[in-house]
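Taken from TrEMBL as is:
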TRANSMEM  18-36  transmembrane segment
TRANSMEM  57-77  transmembrane segment
DOMAIN    63-102  domain 'Mechanosensitive ion channel transmembrane helices 2/3'
DOMAIN    104-166  domain 'Mechanosensitive ion channel MscS'
DOMAIN    177-258  domain 'Mechanosensitive ion channel MscS C-terminal'
């Protein structure tokens, strides 16, 4: 009897009128999806020439979700839901979600700041902390990077806003700074001529701005030099590899020594023999040995 009553109630609920309402609501959602898709793409094409890739994608998504939300509300009203009840429930839900997802809200606000400031865009190469890669997308909550070893990295917008971000492709040219050490016996002017000759022969090195030769000081085992060369940003890695290879070959050709850290001990012109006492494991035996240092004539 209870089973028959259950099916009877279910039949009363899913009557012809309510079934039609559900079908109409689904049609409204379908039409809304199509309209939102077409409208977002059309607006995206209009603003593509006047906005960055990031702004273009963000605006396109915002238009799509806004239009689809309007059609979704219309579909719910078609099914008999009151708009005031929906707004009240949405308000309570938003407060609950706000308390539960403060990090997400912070990332969302940080994303809006990044959108307004535009420190970088899609396709730029940036460095955040120890991570360097190409920007694939800048979404509402996080930015996605692809590193040079083909890793996918997601960095929250809040982290981007609080961290030091270096945009490596902001300007059309970059400077490569090489730290070079040569032996103290080398002629510093000859070293300078050799380095400038290498830069002049390298096709990736720019004539303007001119290379820089900076004598930084006297190191523990070398004369420290900074040699800086400018190149187009897309040639930076190729120049870094080729010019260091060419400098090594040029130094070998001109017999310019690149020293390694070493230490020389000097005890005077003549050193008298001095005793060294060797203490074996057996403390009762001790042996005194005269050790003669390497002095001239011995």
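Placed from the backbone N, Cα and C atoms, the Cβ positions cover glycine too.
In the predicted model, residues of the domain 'Mechanosensitive ion channel MscS C-terminal' (177-258) average a pLDDT of 94. Across the domain 'Mechanosensitive ion channel MscS' (104-166), the DSSP tally of helix, strand and coil residues reads 20 helix, 25 strand, 18 coil. Across the domain 'Mechanosensitive ion channel MscS C-terminal' (177-258), DSSP helix (H, G, I), strand (E, B) and coil residues number 35 helix, 23 strand, 24 coil.
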